Amino acid sequence: MYNMRRLSLSPTFSMGFHLLVTVSLLFSHVDHVIAETEMEGEGNETGECTGSYYCKKGVILPIWEPQDPSFGDKIARATVYFVAMVYMFLGVSIIADRFMSSIEVITSQEKEITIKKPNGETTKTTVRIWNETVSNLTLMALGSSAPEILLSVIEVCGHNFTAGDLGPSTIVGSAAFNMFIIIALCVYVVPDGETRKIKHLRVFFVTAAWSIFAYTWLYIILSVISPGVVEVWEGLLTFFFFPICVVFAWVADRRLLFYKYVYKRYRAGKQRGMIIEHEGDRPSSKTEIEMDGKVVNSHVENFLDGALVLEVDERDQDDEEARREMARILKELKQKHPDKEIEQLIELANYQVLSQQQKSRAFYRIQATRLMTGAGNILKRHAADQARKAVSMHEVNTEVTENDPVSKIFFEQGTYQCLENCGTVALTIIRRGGDLTNTVFVDFRTEDGTANAGSDYEFTEGTVVFKPGDTQKEIRVGIIDDDIFEEDENFLVHLSNVKVSSEASEDGILEANHVSTLACLGSPSTATVTIFDDDHAGIFTFEEPVTHVSESIGIMEVKVLRTSGARGNVIVPYKTIEGTARGGGEDFEDTCGELEFQNDEIVKTISVKVIDDEEYEKNKTFFLEIGEPRLVEMSEKKALLLNELGGFTITGKYLFGQPVFRKVHAREHPILSTVITIADEYDDKQPLTSKEEEERRIAEMGRPILGEHTKLEVIIEESYEFKSTVDKLIKKTNLALVVGTNSWREQFIEAITVSAGEDDDDDECGEEKLPSCFDYVMHFLTVFWKVLFAFVPPTEYWNGWACFIVSILMIGLLTAFIGDLASHFGCTIGLKDSVTAVVFVALGTSVPDTFASKVAATQDQYADASIGNVTGSNAVNVFLGIGVAWSIAAIYHAANGEQFKVSPGTLAFSVTLFTIFAFINVGVLLYRRRPEIGGELGGPRTAKLLTSCLFVLLWLLYIFFSSLEAYCHIKGF
C-alpha cells in the first residue's frame, strides 16, 4: 500500500522484532506483579528489581503531574511519550544526515603532491588527507553513533554527575543490535549465490578485538578492580583507549609493524599518478623517488606519517583506472542508446559510475535516511541535476553569443590563397552581434609582406560601409601576373577605425570614445593573402611533418599542397605506412592511390578512415607518404621548340628526362605554339647546342618536384571531447559533491521537495519516477525537521566544519529530549531504564544504520562498508560514550572528595553476555570465509538463513537474559 518494499526487512528480522516488543511489554507487567509479591520479604533490595511508576525530572522535560494517573491516562501518556520519542528519532536521523554529509566532505579533502622520478622528471598527483581507516574509526563512527555517545554524556552531566542506566545501557544495547541484527540482515539480503567478503581483514580483526576488549574492560573496572566505583584513572584510561585503538587499526592498515623491517621500494607506475610499493632486498643501485622533497625509501624514517597518506597498496582505485572505466561506460552507453543526446548519456554514465563506486559508511547512512524520509535517491537526483546544469549552461552560452550588445567586425578567415593569374582576390568581412539598425564604417588597407605592392599585387585601401541589416561585405585586391619563377609570396590586409552611425547622433557618426560600446574589431582583424606562383609545375608537400588527429574524427583529411607554380596536370602517388598504429581496420584503414592535380589546382586532400576505439588515452602513429610527381601523358622522345621570348607552359612531355614546355598566347611577345616531335633516331649522345642547353635548364627549373614534407607522421590521440566528458564526469563522481550542499537556497529547496525513492526495476533509461504515496507520507511527517535543519550551514563553508559543529550541537539537544522521553515512557509503563534503553532507545538510534548497512550489503562489492565498521563503531561507543561521561563524573566527584559509584549489576551482566555472544558472532563470520560459502555475507540460501536465524536468536537471548537479570529473576554480578 505504501510502497513498503523500500523498508522491507528479512522475515526473520520482522518476526523477531514483533516477538521482542510483545515479550517486553508482557514481561514488564508480569515482572511488576511478581516484584510486588516479593517486596514484602526482600525489603529494599527489590527497589532495584522493579520498574518504578514514579518518574524523575528529566534534563529538560519536567514531570507530568499527577504522578499516579489512572490506567487510561497511563495509556494516553505512554502513547504521547512513545510517539514523541519516535518523532525525535526522525529528527535525529535527519540532522545526522547533515552531520554525515559534513563528515563525508571533511574526509574527502585532498592535497597535491609532487613526485620526482630518478630521471628528474616530475609529475603531480593528489592524495587524500584522511586515511580511510582513521576516518572510519573517528569521524565516521562519531557520526553514526553520536546519539548514543551524547545520550550517555548528557545523562551523567544532567543528573548532577551521577551514573544512570539509560546511557550505558543504550550503548551496550546498540552494540548488540549492530552486532547481531544488522549483520544478520546483511547476511540475508545479499542475492542468493552471491557473496561479500571483508577486504581489509587485518583492520577487521583489530577492530573486532578492540570491540570485545572494550566491553571486557567495562566488566573489569566495574566488578574486578574497584567493584561499584569508577576511579579517575579508570575513566581516563577508558577514554584514552580510543586513540590507542585508532593507532592500532592504522598500523594494521598501513602494515607498519612487521613490514617496517622489510625493505620497501616505491616506483612510479605505468599509469600516471600511481605509486607502487615493492618489498624485498635492497638494490645496489639508487632508484629513489622524491615526493614533496622527501626521498621515498624504507630507510627514511617516519615517511608514512598521518599527515601524508600515500595510497600505495592494492585497495586504492587509481585515477587513470577510474577514467578508463568511465570511458568504457560511456562507450557502452553510446552503443546501447545511439539516439540519446550527450547530456542524457552523461546523466546515465554519472549515475552508473556513482552506483558502482565504493562508498563510505557515511554515504550509505545519508542515502538510507533520505530514502526513508521521502528525499529520494540521492544518486539519481545528483545525476539529473548535473545534466540539467549542463543543458542550462549551454543555453546560456548560446544566448549570450547571439545577444551580444556590441557589433564585432572581422575577416571571415584569417588566411586567403590565390594563384598569380587569378586577377583579383576576394576577402569577406563579417559583422556579428550588436544593433543591426546602425550603420557601421570600417577602414581597410593592404601592407607588404614578402609580396610587394606594384609588382606582385595592387596597393588597395578604402572604407567598407555596413548599412542597416548588412552582415557581410566583400573587398577585392588586384593580383599582378608575371612569367618569372619565384617563391610563393604574401601580403597583409588590415581592418581599422570602426565608426558607427545612428539616427540618434546629431552628426551621424558617433565619437570615438563611444564606439567601443556599440562596435569594435573582432578576431581576426588582419588577413594574410598568399600568392601562389603559376609559372612552375609545382612543388608538392604536406602542410607539416606531423599532425595529431582525434580517434573520433572518423574520416581524416590531409591536404597536399602544390606551391611555387600550378601549371599542367600532375599525378602524385600516395600510400599509408604502419607505425605503432595498425592498419587493416584495427586502428586505421590502409589507403593508397594517386592524386591528380589539374592545371591551376593548388591543393588536394587524401582521406583516411580512423577507427574509433573510444579509449581514454591513446597515442599511436602511422605514416602517410607521397611519391614522385609526374606529368600526365609523358613521352620520353618528345619536345617543344622554345623561343627566347615569351612565356611557356608544361606540355606533359619530356626531353632527356626533363619536362617539355611550349609558348603561351597573349604574352608580351606572342608566337604560335607548336609541338614538335623529335625523331626516334635522335642521338642522345650528340652534344647540345647552347640554345638546347638553355632549353634544358628552363625545363629543369619547371618540372614538378617533391617539397620538404613528403612523409607525414599521423598521431592518433584520444578524442578531446570524449576525454573532456570523462574528466568532467570524474570530477562530478566525487561523493562529497553528491552529498554536500553549496548554499542555504539549495538546502531549503531540497527540504520542501518530495522525490521518488528507490526503484525495484532500477530502469536507468526510463522516465523520471514520480514519488509514491509512502514518499509523500514520510515527507510530510518530516518536513518540519527538514526545514528546521536547512538552517544548518552548508557543507561548502569551512570545508564542512561549520556544518559539523552546528549539527553535533543539534544532535546533542535532540538527544537530551530523547533521554527524557525514554525515561518517562519507561516509568509510565513500569519499565526500568536499562530495559527501555536496550530495547527501544537502542533500536531507535540504530534504524538508520540498519538500512544503511542493508543498502551497502546489496550494492557494494565488499562487506567492509556494511559490517566492517560495526565492530569499530562498537569500540568507539564505549571509549567515547562511556569514557568521556565517566571521566567527567569521576573527576567531578574526586574534586569534591567523593567517589563516583556505578552499580555493576545490570551493566556488568549485559557486558559479559554481549562479549560471549560477540565471540560466537565473529567465529561464525570467519567460518563463512571457507570455500564452501565464500564470504561473510550471502552465499547459498540455506547457509544465509541459518546464519541470520542464529544471529537473531543471539540478540533475542541477549534481550531475554538482560531483562531477567534486570528484574532479578536471575542473579547478576
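These residue numbers are counts, starting from 1, taken along the chain as shown.
Glycine is no exception: its Cβ is also placed from the backbone N, Cα and C atoms.
Sequence-remote contacts of a segment are chain residues at least 6 beyond its ends whose Cβ falls under 8 Å from one of its Cβ atoms, and for the repeat 'Alpha-1' (141-181) they are 13, 16, 58-59, 92, 96, 99-100, 103, 211, 215, 230, 361-362, 365, 808, 811-812, 814-816, 818-819, 822-823, 832-839, 841-843, 845-846, 848-850, 852, 869-874, 876-878, 880-882, 884-886, 888-889, 892-893, 900-903, 906-907, 910-911, 914, 917-918, 921, 951-952, 954-955, 958-959. Under the heading repeat 'Alpha-1', Swiss-Prot lists 141-181.
Sequence annotations record features per position, and here Swiss-Prot assigns domain 'Calx-beta 1' to 396-496.
Cβ neighbour count for ASP533 (Ca(2+) 3 binding site): 24 (other Cβ atoms within 10 Å of its Cβ, all protein chains included). DSSP gives ASP533 (Ca(2+) 3 binding site) a coil state; it is part of no helix or strand. Here Swiss-Prot flags GLU420, ASP482, ILE484, GLU486, ASP533, ASP535 as Ca(2+) 3 binding site.
Taking H, G and I as helix, E and B as strand and the rest as coil, DSSP gives the domain 'Calx-beta 2' (527-627) the counts 3 helix, 56 strand, 42 coil. Residues or ranges marked as domain 'Calx-beta 2' by Swiss-Prot: 527-627.
Taking the Cβ of ASP613 (Ca(2+) 5 binding site) as centre and 10 Å as the limit, one finds 16 other Cβ atoms among all the protein chains shown. Feature annotation from Swiss-Prot assigns Ca(2+) 5 binding site to GLU551, ASP613, GLU615, GLU718.
Residues annotated as repeat 'Alpha-2' in Swiss-Prot: 842-878. Packing against the repeat 'Alpha-2' (842-878) from elsewhere in the chain are residues 7, 9, 85-86, 89, 92-93, 96, 136-138, 140-142, 144-145, 147-149, 151, 169-171, 173-179, 181-183, 185-186, 189-191, 196-200, 203-204, 207-208, 210-211, 213-215, 217-218, 238, 242, 245, 249, 355, 358-361, 364-365, 367-369, 371-372, 818, 922, 925, 935-937: each is 6 or more residues past its ends and has a CB under 8 Å from a CB in it.
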| said: Please report the Cα separation of GLU420 (Ca(2+) 3 binding site) and GLU551 (Ca(2+) 5 binding site) in Å, rounded to an integer. | reply: 38
| query | DSSP helix, strand and coil counts for the repeat 'Alpha-1' (141-181)? | reply | 34 helix, 0 strand, 7 coil
| task | Inside 10 Å of the Cβ of GLU551 (Ca(2+) 5 binding site), count up the other Cβ atoms and send me the figure. | result | 22
| Among the binding-site residues listed here (GLU551, ASP613, GLU718), which has the Cα closest to the Cα of ASP533 (Ca(2+) 3 binding site)? | GLU551
| Helix, strand and coil counts within the repeat 'Alpha-2' (842-878) (DSSP) | 33 helix, 0 strand, 4 coil
| task | Fewest other Cβ atoms within 10 Å: which of the binding-site residues GLU420, ASP482, GLU718 wins that one? Let me know. | result | ASP482
| query | At the level of the C-alpha atoms, what whole-angstrom distance separates GLU718 (Ca(2+) 5 binding site) and ASP482 (Ca(2+) 3 binding site)? | reply | 48
| Looking only at the repeat 'Alpha-2' (842-878), what is the mean pLDDT? | 79
